[in-house]
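J.: Got these off TrEMBL a minute ago, pasting:
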| type | residues | note |
| --- | --- | --- |
| ACT_SITE | GLU56 | active site |
| ACT_SITE | CYS120 | active site |
Amino acid sequence: ELEKLGLRDDVDLYVYEVPVEYQTVQRLIPALWKKHSPQLVVHVGVSGMATTVTLEKCGHNVGYKGLDNCRFCPGSQCCVEGGPECIDSIIDMDAVCRRVSALGLDVTVTISKDAGRYLCDFTYYTSLYQSRGRSAFVHVPPLGKPYSAEQLGRALQAIIEEMLDLLEHSEDKINCQHEH
């Protein structure tokens with residue numbers, strides 16, 4: 001749906017489906033970062049427990065015990081051996097939540113600090129590690145429970161545009177401080 005809606009004219013949007021497979025994530029995420037050198041990567045995952053659109057603040061390195069779609073689980077039960085326990089996104093998710101909620105969309109947006117220690121969290125941590133925090137993860141409920149594809153697409157569009165806006169303004173401040 002987001003691919004149909006698009007983003008601002010100055011933003012190139014690339015959409016990929018990431019398989020629910022630990023080993024594929026460990027290969028694919030670094031390859032996508034290398035191929036595109038993006039300003040930001042936003043991962044979106046469906047959570048059967050979600051009833052809101054949920055912005056995840058951080059990814060976790062350890063505690064992966066569930067088998068993936070290939071019936072595989074990392075023996076170390078972690079994403080990156082020796083990596084930090086938790087990596088926060090450089091995006092201020094509280095600010096994104098406030099700003100998107102103020103737009104009056106017919107979708108509730110909330111914040112979480114635990115993406116679930118399965119492939120969503122594994123993917124998020126892998127991307128955060130690869131990008132030094134320049135990633136985001138959004139959990140969405142299954143289609144129709146309660147939101148339509150169009151509602152979720154509009155919400156994701158607003159969320160990503162707010163994230164990019166915050167990122168651009170924070171970089172302006174950093175650049176401004178370096179000039180003085």
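Keep in mind that glycine also has a Cβ here, set from the backbone N, Cα and C atoms.
Bear in mind that TrEMBL entries carry predicted annotations, made automatically and left uncurated.
What's the neighbourhood like for these features in this structure?
T.: Neighbours of GLU56 (active site), defined as other CB atoms within 10 A of its CB across all chains, total 24.
Around the Cβ of CYS120 (active site), the same chain contributes HIS43, GLY45, SER47, GLU56, PHE137, HIS139, each under 8 angstroms and 6 or more positions distant in sequence.
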